[in-house]
Amino acid sequence: MNALLGPVTKGVRRVATKWLAPILPVLLSAVLLGLIAVVLVEPTGLVERVPSTTVPVVGWSVAPKALVFVGVTATGLVVGGICLLGYRYHDELTTYWNTYSAWAQAVLVGFLAATLVAIGCYGAALFDRVPTYATLLGFLVTWPVAAGVVLLFDRRSDGDGSSAFSSVKTGYVHTRGLESRTLSLIVGFLGAMAGGLSLWYAWRWYTGDPSFPAIVAVTVSLWIVITLVVYNRYEASSIERTDISIVTVRTPESRPTRELTIKNGASTSVDLAESRIRDTSFELYRLGVAITLRPGATCTFEIPETFTLEPNDESIDLPLGYSLKRGGETPTLFTRSGDIYALDLADGAMGDPESDATMESEPDADLVAQE
């Protein structure tokens, strides 16, 4: 008998150790939260606002307290499970998440945040706390706002002592230069929603019966108009300068990366702290250097093999004479003050591979991929 039960016991012990032990704290915590919620809903009077529910198919009636217990416990299990998975597979998830561009990350985070807000609004609507249309409204407003916040924090400074306000301001400046179309859509959408809601309440106050199709038509029109106005303003203020140029691109024999040297040809200094560089394939990199490039001075830094210097004129034609560029003629430098520099290649900049013996100094910085 022991010979038969031995493998079974070992298998059960292995399953319990590998799978049940990690989730047991989450399970116990979720059950404890459910019991605490049941205890609190009675003296606070919230139990009266919880409707009794009938289970489909079987027709069982679920009491309000049981419904509270099941709902809170299930929520605790989901949240705890997500936290547990995030803790155990943090490195793998981080690596996988970083494969997405900043724009894709912003869209995904915005959608998740909007979904959670919509679920909360729907639950509040079931208890007549908010109107039913608040579910759709909360979803539509939260998505662009959350996406914009993600973009701002992705472009912010990297903790060099700047204040939180200065960090977010830097993020806005970089986002305006790098994601002008996305930011214009977000600003236009929020402006259109504000205009549509104002028209809705004004119409109800005057007539008491607003026309939903008319409100939607006005809101969509406002979205298009505000987006175009904001985008054109961004484009008008985003003037590419040519004062900084690439004077040398060389490939040392001892290192797999290339070295790029830029020179300030202007009569004023350029602050390179918190600056970003975008190659001709629109891949974004952080310069990672906090120096001021004085007139006539140069700065050398390493660039990865994936950094493209060749002109890329790929684009998609859009209505009203607009086009969606997917590449640039030259690499572009974005400073934290909002200045944009087109880094033209100087004559003879593409040098031949050199040996370490000809290298007089080490690079000033390395490029760090941002997307």
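Using the three backbone atoms N, Cα and C, a Cβ is placed for every residue, glycine included.
Caution: TrEMBL annotation is automatic and unverified by curators.
Per TrEMBL, compositional bias 'Acidic residues' is recorded for 353-365.
Marked as region 'Disordered' by TrEMBL: 346-371.
Same-chain neighbours of the transmembrane segment (20-41): 47, 50, 64-65, 68-70, 72-77, 80-81, 83-84, 88, counting only residues six or more beyond its ends whose CB sits under 8 Å from a CB of the stretch. According to TrEMBL, the transmembrane segment annotation covers 20-41 (among others).
According to TrEMBL, the feature transmembrane segment maps to 66-87 (among others).
Same-chain residues lying 6 or more positions outside the transmembrane segment (107-127) and placing a CB less than 8 Å from one of its CB atoms are 49, 51, 100, 134-140, 142-147, 150. The transmembrane segment feature in TrEMBL is assigned to 107-127 (among others).
Under the heading transmembrane segment, TrEMBL lists 133-153 (among others).
Nonlocal intrachain contacts for the transmembrane segment (183-206), taken as residues 6+ away from its ends with a CB within less than 8 angstroms of a stretch CB, comprise 137, 140-141, 144-145, 147-148, 151, 175-176, 215-216, 218-220, 222-231, 234. Per TrEMBL, the feature transmembrane segment maps to 183-206 (among others).
Note on the transmembrane segment (212-231): residues 180-181, 183-185, 187-189, 191-193, 195-196, 199-200, 203, 320 of its chain, located 6 or more positions outside it, place their CB under 8 angstroms from a CB of the stretch. The transmembrane segment annotation in TrEMBL covers 212-231 (among others).
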